[in-house]
Amino acid sequence: HLMQFETLIMKVAGRSGVWYYGSYGCFCGAGGQGRPQDASDRCCFVHDCCYGKVNGCDPKKDFYTYSEENGDIVCGGDDPCKKEICECDKDAAICFRDNKDTYDNKYWFFPAKNCQEESEPC
């Protein structure tokens with residue numbers, strides 16, 4: 001669920017996903033086209049691809065189960081589809097954390113007209 005994704009980003013990356021990544025580059029936020037502009041935008045591209053591979057549940061609307069163990073997010077539950085959503089979100093949150101140093105404000109509210117290049121495949 002997107003609200004859980006926001007929570008994971010806060011826990012792992014220590015910042016608001018909605019504020020920092022809700023409209024960043026070509027892939028963070030709604031939609032996505034063109035080429036990722038930097039490492040943080042690539043996190044969103046990979047996350048979009050990950051969601052695209054999920055079958056049998058809705059990544060944006062379905063709630064999943066996770067726990068925290070020694071500071072790490074551990075995806076759980078009996079539903080493999082929902083667990084897959086959790087793994088997508090967890091990986092993206094870690095990616096955001098690992099690329100905070102190269103986050104560039106020039107890609108915040110980046111105009112879609114700058115994302116016209118052909119997209120690479122997942």
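First residue shown is number 1, and so on along the chain.
Every residue gets a Cβ built from N, Cα and C, even glycine.
In three-state terms derived from DSSP, C26 (disulfide bond) belongs to neither a helical nor a strand segment and is classed as coil. The disulfide bond annotation in Swiss-Prot covers C26-C115 (among others), and the record cites similarity to another entry as its basis.
Residues or ranges marked as Ca(2+) binding site in Swiss-Prot: F27, G29, G31, D48.
Swiss-Prot lists C28-C44 (among others) with the feature disulfide bond, giving similarity to another entry as the kind of evidence. Of all Cβ atoms in the protein chains displayed, 28 besides its own lie within 10 Å of the Cβ of C28 (disulfide bond).
Within 10 Å of the C-beta of C95 (disulfide bond) there are 18 other C-beta atoms, taking all protein chains into account. Annotated disulfide bond per Swiss-Prot: C43-C95 (among others), in sequence order.
Feature annotation from Swiss-Prot assigns active site to H47 (among others); the stated evidence is similarity to another entry. H47 (active site) falls within a helical segment according to DSSP.
Under the heading disulfide bond, Swiss-Prot lists C49-C122 (among others), citing similarity to another entry as support. Here C49 (disulfide bond) comes close to C122: these same-chain residues lie at least six apart in sequence, with C-beta atoms under 8 angstroms from its C-beta.
Annotation source Swiss-Prot lists disulfide bond at C50-C88 (among others), citing similarity to another entry. Taking Cβ-Cβ distances under 8 Å and a sequence gap of 6 or more within the same chain, the neighbours of C88 (disulfide bond) are H47, C50, Y51, V54, P59.
In the three-state DSSP scheme, C81 (disulfide bond) is classed as helix. The annotation disulfide bond is assigned in Swiss-Prot to C57-C81 (among others) on the grounds of similarity to another entry.
C86 (disulfide bond) is surrounded by 24 other CB atoms, counting those within 10 A of its CB over all protein chains shown. A helical conformation is recorded for C86 (disulfide bond) in the three-state DSSP classification. Residues or ranges marked as disulfide bond in Swiss-Prot: C75-C86 (among others).
Residues or ranges marked as active site in Swiss-Prot: D89 (among others). Long-range C-beta contacts of D89 (active site), restricted to its own chain and to partners at least six residues apart, with a cutoff below 8 Å, comprise Q4, F5, L8, H47, Y64.
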Can you tell me the CA-to-CA distance separating C28 (disulfide bond) and C115 (disulfide bond), as a whole number of Å? 12
On a C-alpha basis, identify the one among F27, G29, G31 that is nearest to C44 (disulfide bond); the candidates are the binding-site residues. F27
Using a 10 Å cut-off, grab the number of neighbouring Cβ atoms around the Cβ of C75 (disulfide bond), all chains included. 18
Helix, strand or coil at G31 (Ca(2+) binding site) [DSSP, three-state]: coil
Densest Cβ environment (other Cβ within 10 Å) across the disulfide-bonded residues C81, C115, C122 belongs to C115
